[in-house]
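Data block below; observations after.
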Amino acid sequence: MAQYKGAASEGGRAMQLMKKREKQREHMEQLKQKIAEENMVKSNIDKKFSAHYDAVEAELKSSTVGLVTLNDMKAKQEALVKEREKQLAKKEQSKELQLKLEKQKEKKRKEEQKRKIASLSFNPDGEEEEGEEEDDRDDDVPIKKKKLGKNPDVDTSFLPDRDREEEENRLREELRQEWERKQEHIKNEEIEITFSYWDGSGHRRTVKMKKGNTIQQFLQKALEILRKDFSELRSAGVEQLMYIKEDLIIPHHHSFYDFIVTKARGKSGPLFNFDVHEDVRLLSDATVEKDESHAGKVVLRNWYEKNKHIFPASRWEPYDPEKKWDKYTIR
């Protein structure tokens with residue numbers, strides 16, 4: 001059976017109405033309070049203006065006894081108003097002067113406090129000498145403040161020192177710029193590179209490059225030299241060529257400078273020498289490290305893919321800068 005819910009719903013609606021009326025009453029109270037505050041501010045302003053004219057009126061009544069003419073009355077009133085305004089202006093000036101004096105006292109107090117704190121880590125004798133010198137000088141001559149020196153007996157190395165840090169930063173920047181200039185000079189130095197185009201037999205050529213040039217730039221120049229003598233290279237691009245140095249396949253993005261400054265070594269000789277002596281494989285003791293090297297090889301990539309199982313291509317492997325060749329692997 002359905003139940004009768006009329007009383008409950010009426011009760012809920014009555015509760016909502018009560019809450020609504022309560023909010024309205026609170027809102028009205030807030031408005032009343034705001035209006036009262038505004039009226040109070042206005043009354044205070046009016047009192048400030050009325051106080052001035054009340055004082056003038058009182059003085060005017062006391063100074064005009066008996067019958068006086070209208071012109072005398074107006075003149076007297078204007079004189080009293082001006083006198084009253086002067087008094088108020090003097091009062092304001094005295095207040096400003098008092099405030100200024102208080103600020104100066106506060107400033108002196110802070111400076112004295114800073115001086116006391118500074119004397120804990122600086123030599124107090126220097127301060128006394130400074131005071132004696134200032135007494136002997138003429139008052140008309142401007143006194144140059146003497147900079148306090150650090151007390152050599154106090155360790156202040158742990159404290160931040162802006163001048164010292166700026167000097168260190170300046171020196172570091174000068175050293176960095178000098179190092180960069182030297183490296184740039186090294187990169188612009190010319191070297192003569194002897195290489196061999198390898199197609200199963202060697203065909204030696206030489207080319208002049210800068211130490212800062214990359215392997216790709218070197219291969220491009222080598223290709224221009226070799227094209228007129230080898231027909232298979234006339235349609236080839238630099239990306240189809242490989243550079244083999246000391247049995248390592250050198251990536252195109254490396255520069256000669258990279259190997260020179262790091263003194264890099266390969267499997268069969270140094271990577272940082274590009275002139276040619278005797279092949280280290282022909283020496284009596286090939287495992288002994290020397291500065292002698294042999295010509296790097298320029299090879300077509302498709303030739304390498306066909307012959308990588310045959311000597312000498314079977315010895316070649318990609319260059320890994322993390323891998324160190326402490327001894328040459330010649331047997």
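Cβ coordinates are placed from backbone N, Cα and C, and glycine is handled just like the others.
Feature list (source: TrEMBL):
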type	residues	note
COMPBIAS	80-115	compositional bias 'Basic and acidic residues'
COMPBIAS	125-139	compositional bias 'Acidic residues'
DOMAIN	189-329	domain 'FAM50A/XAP5 C-terminal'
REGION	1-29	region 'Disordered'
REGION	80-167	region 'Disordered'
**Asked** In the compositional bias 'Basic and acidic residues' (80-115), how many residues does DSSP assign to helix, to strand and to coil?
**Response** 36 helix, 0 strand, 0 coil
**Asked** Taking the domain 'FAM50A/XAP5 C-terminal' (189-329) alone, what is its mean pLDDT?
**Response** 81
